[in-house]
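As C-alpha cells, the structure follows; a few thoughts come after it.
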Amino acid sequence: MDKTRKGEPGDQARLGALRLLAAIEDGATMDEAVALTEELSPSARARARRLALEVMRRTDRADAVLAPFLQRRPRPDVQRLLRLATVEMLALHEAPHGAVNAAVTICRGMGGKGQAASGMVNAVLRKVSAAQEAWDKLPAQMMPAWLRRPVVHAWGRDVTRAIETAHEAGAALDLTPKGPDVPGEVLPTGSHRLPLGTQVSALPGYDTGDWWVQDAAAALAVRVLDPQPGERIADLCAAPGGKTLQLAAAGAEVTALDISESRLARVAENLQRCGLSAHLVAGDALAWRPDAPLDAVLLDAPCSATGTIRRHPELPLIRDGSAVPALAELQAKLIDHALSLLKPGGRLVFATCSLLPDEGEDQLTAALARHPGLLVEPATAPGVDPAWLTPQGALRLRPDLWPERGGMDGFFIARLRKRLAES
Ligand SMILES: C[S@@+](CC[C@H](N)C(=O)[O-])C[C@H]1O[C@@H](n2cnc3c(N)ncnc32)[C@H](O)[C@@H]1O
C-alpha cells in the first residue's frame, strides 16, 4: 500500500510533525504542541511526535546538507518540509522515493505558493537523497551559545561534543521497578532500560503498577537519599511524582508538595496506579512547615531542565537562558527553607536536572558558605561510578556518561546533613 498519499497514515504523521515543528518555532513546548494533533489516531500522533523530535535533534545538520542545493532560503513551511524529508532519508534511513513523494504531495497541498515550490522540493530532495556521505561527516547539532559556553567552561570541548552527540541520539525508555518481572535490561543502578521508541502502553505491568517511567539518572536522587521504612520525609517539588513513588515504595511516611495543583493531580494518579500512598499538599514549599521536624527532605528543585535535552530537544529552541538567574535564586531559597524543616542530624538531597553549574555545583558551594554547620556526604548509591562524584562529593551526571548503554539525563545531586548540634 502506498502510505504517502494524502490521508494515508504516513502522510497524517508527517503533517502532524510539521504542525508540531511550527508550533515549537512559535515558542510552544512539545507537551503544549501535541495538543494540536489530538484528532490524529494514536499511532499517527506517536509517529508525528517521533518525527518532530528527530528533526529538532538534527535541524542544523539538515540545513547544512540542504544549503548547497538551495538558491534562496525557502519560506518557513517549505523549509520544515525539506528538513523533515532530509532527516527521514539520511538519519532514519527511510526509502528515498517514499520520503520525496510524500514531501512533494504535502507541498502541492499547501496551496498556491507551496504548489509552485513542489518542483524545487522534488529536485532538491532527490539530490539530498544522494548526500549520505556528507551527512555522516557532519558533527552533532551544537547547543545554543548561552548553554554551550558554561558547559565548555565546566567540562571542556571534548565532553561538550560528547554531550551533543548524546543529545542527538535521544533517550531510551527507563523504568523504575516496584514489582518482579519488570521488562528491560537491568542497569547497574537498578533501573530497567528498553530501547528508544518503546511504546509504554504496550508493556506488561503498567496497569498493575509494577513500574513507572523514570530516567536512570533521575532515579538516583532517591537512591542517594536512601529512605528508610517509617522515616518522615518531605518531597518538596514532587510532581509528576517519580521520586515520590520511590520514597513511598521504600516505606517512608511521605509528604509530597507541589505548587501546581494540576501537576499534583498526576502524583495522585501515579500513586493510585502503583498502590502506594503519600500525603499530598498543593502549595508553595517556601510557605510550608510540618508539625514536627523531618528525618529527611528531597528537594528536586525547579530548574532550566537542560539535562533533559535528549528527550526535550525543543528546550534549546524555546529557551534563551534568561530564566536561569531567577531559578537559581529560588533554588537557594528552597535549600535554606528545606534545611529549616530538618531535625538535627536530618538529611537533605538537593537535585536539579540541569547541565549548568549555576544550578548545581555553585548552589552547593553557596549553601555551604551560608550554613557553616552543614556537612556534605558522598552522593553515592549501588552502581554509581565513583568517577561521577565531584571533588565536593556531589554526583554530576551527564548525558555522555554510559555511552555504551545509551547515556542518561544530566543531573546534579548533593546529599547534605544537618549537624546534630550547632557547634
Ligand atoms: C523538577 S520538577 C519535579 C519533578 C519531580 N520531583 C519528579 O520526580 O517527578 C519541579 C517541580 O517543582 C514545582 N515547583 C516549582 N516551584 C515550587 C515551589 N515554590 N513550591 C513547590 N513546588 C514548586 C513545579 O511545579 C514542578 O512540578
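We number each residue from 1, going along the chain as drawn.
From the backbone N, Cα and C atoms, a Cβ is placed for every residue, glycine too.
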**OP:** Figure out which of D226, D284, D320 sits with C237, A238, A239, P240, G241, G242, K243, D258, D300 in the S-adenosyl-L-methionine site per TrEMBL.
**Re:** D284
Subject >> Separation of alpha carbons, C353 (active site, nucleophile) and G241 (S-adenosyl-L-methionine binding site) (Å) >> reply: 15
Original post:
Should D284 (S-adenosyl-L-methionine binding site) be counted as helix, strand, or coil on the basis of DSSP?
Top reply: coil
Original post:
In which DSSP state, out of helix, strand and coil, do we find K243 (S-adenosyl-L-methionine binding site)?
Top reply: helix
Subject >> Longest CA-CA distance among C237, A238, A239, P240, G241, G242, K243, D258, D284, D300, per record bound to S-adenosyl-L-methionine, angstrom >> reply: 19
Subject >> Integer Cα-Cα distance in angstrom, D284 (S-adenosyl-L-methionine binding site) to C353 (active site, nucleophile) >> reply: 20
